[in-house]
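Remarks on the structure that follows.
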């Protein structure tokens, strides 16, 4: 009997499931074991990173019993990383929260009370009463906040935006993508007039060179790394450059391994631009037709509190994002100081390596893709450094074509689809629209059938400012969903924890587990995970993927979508809207926000799905209509017709995702390029149609120093990040026994010479100390991460070692994104 690849992959998963159940399967029956065992298989995107791998989910008796790589998925082609192979276990930790828990004392809510089980109605009543009291007292909707995630589904993100920005009229809603992707998003919008990459993963098989900037793809995007490895090892002409402030596993494949001093990537990129100009490698035909030059503001500060000395000294803090009209000659002058010698002096990179790198970008015969993640984005000049990599691709014309382009990789499964495309940032609306643009607001109010003026044009508090506003009493209600900011946010000691425990504030956390955030909150709402609900994600290559609900959540767990929509029933329009607004649409008087936002004739127009026997949809059962479909089709109307086109809802359930814009059923692989993008007209060749003149911006900005550097007392650089086995704060992965055993606790990686100078040895218990806090860990001088002298590396997955007690809450002044990669630290024996 023949066994094809798909059956082989399914058989592997069946064997794994059988082993977990303690049974054996006859070899002759292994290919059909899933049917014999009663396991049902269905597709879903992986719950972890932004790669967007598809997995097949095996369910039996109401539980997920196995997962496997999806052989029909173009992204991962049947492969999973180590985290993906154990997806079936993330929902079954022994400590799942299964009922709402409210801090209570003497039978009522008390900030210092003990967590006590309550009903959903009690929980929502406490929340609604607090919000109504704030609105009545402060008359400022931005005093009520939501902090969410690039892990919530597209449907959930859209429902949140409607409730917060339209219903409660607050723009204080921000995702944790502010911590990881804001600089990339801002630079995309500023450069091209539209967000998200122009290329796709197909570039990997078509390029001649890969340059990784601050990205350990071997551990953080391992399936993409497997494709890069295959491409590199299949051709001697293909080269890999890996750039980082320390050596990690991606260096094993590097032809040119480059270690640079923290923050000096700015100088290196300006050197490359200068090299291209000085060696007459500018693609003038491309530059003249498709680009324009601007000059950025300088001396813009570091996103710290206004009274901080660095902010007081910054001359242009209030105009940080301004760009001035310029020309090539001025740009040439801006990059001219960044000679080979100067770039070497600032970065510490050997001159021959810098020159090799510059020649690769300059060579018109060599296709090249730049990949980057947090090393670029978590940067007090993250917007600038994103601009700079676009600069070198635009100067050479290596962009928007197969095998050539700048590619920002996302770290969360729907940082693109939910946070960016839906617009769950304080300043955004769906499809790249913003609250500060009256035309965009008018479009949103028309689609949502709202009175004119409902949506505020004042952005709310973004992520780091939310923490400060809670501490200062300017923000008095925060609902956190699907993230763990008490562990993942910066400067926990000084900024986050004080605001959460401020007696005037109510903090609500929706979480499936008692995370650091949950136990610090006032109210915990039990949340369904992954395939316990129907969902959709959007990955790093603009691919939108759907999945069906496979199993039910435990106890009283409810999806974030159910929580948001059900909560809207607790407000009547008179309680949250002004008389002026109600006078425009008197038919809304006496109605709940649920009726106005979700029973509006659009969201509720699709009936409960009946063509998928055997599947459940808890939201459809509770609300009486196909909520996910209604939300998606209304959301999609924002983008159709102007470059953000999505396919119809039902199509996504039939395919392994489509890359937008999707026009006439066809996805787009390379945006802005004639022959691939339906929005580029015949004869245009390239059209950056995000701007009316269809030209991208080349921005001239300099190198500027970091916010904090080592000194005599705090004499080392601290860089924080992740490891392969765990994801973010470990809320899921630390509850998977195999992953926990593989890497049980955080470590501090240090160069052996630095350890010897401090009288330390491998394995020693050490204390890391910064100006903000301290942490106990164990020293590693021999492991996978090899730090240069003067720098240490640690991770933030371990709730027993809160690395973000150490980090500085400096941000990029333009994007508001946190710099987790650079602050000063000292290390002593504990």
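Each residue, glycine too, has its Cβ placed from N, Cα and C.
Residues annotated as [4Fe-4S] cluster binding site in Swiss-Prot: 46, 49, 53, 81. Feature annotation from Swiss-Prot assigns Mo-bis(molybdopterin guanine dinucleotide) binding site to 83, 151, 176, 180, 213-220, 244-248, 374, 378, 484, 510-511, 533, 560, 720-729, 804, 821; the stated evidence is sequence analysis. The substrate binding site annotation in Swiss-Prot covers 796, and the record cites sequence analysis as its basis. Annotation source Swiss-Prot lists domain '4Fe-4S Mo/W bis-MGD-type' at 39-95. According to Swiss-Prot, the feature signal peptide maps to 1-32.
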Predicted model, mean pLDDT over the domain '4Fe-4S Mo/W bis-MGD-type' (39-95): 96
For the [4Fe-4S] cluster site built from 46, 49, 53, 81, further residues of that chain with CB within 8 A of the site's CB center: 48, 51, 52, 76, 80, 83, 84, 221, 222, 223
Closest of 49, 81, 796 to residue 247 (Mo-bis(molybdopterin guanine dinucleotide) binding site), Cα positions, binding-site residues only: 796
From binding-site residues 510, 721, 726, 796, 821, the one whose Cα lies nearest residue 46 ([4Fe-4S] cluster binding site): 726
Listed binding-site residues 49, 53, 81, 796, filtered to Cα within 10 Å of residue 219 (Mo-bis(molybdopterin guanine dinucleotide) binding site): 81
Spatial neighbours of residue 796 (substrate binding site) among the binding-site residues 81, 721, 821 [C-alpha, 10 Å]: 721
Cβ neighbours of residue 247 (Mo-bis(molybdopterin guanine dinucleotide) binding site) where a neighbour is any other Cβ within 10 Å: 20
Collapsed DSSP category at residue 510 (Mo-bis(molybdopterin guanine dinucleotide) binding site): strand
Residue from 49, 53, 81 whose C-alpha is spatially nearest that of residue 214 (Mo-bis(molybdopterin guanine dinucleotide) binding site), among the binding-site residues: 49
For residue 219 (Mo-bis(molybdopterin guanine dinucleotide) binding site): DSSP state (helix, strand, coil): helix
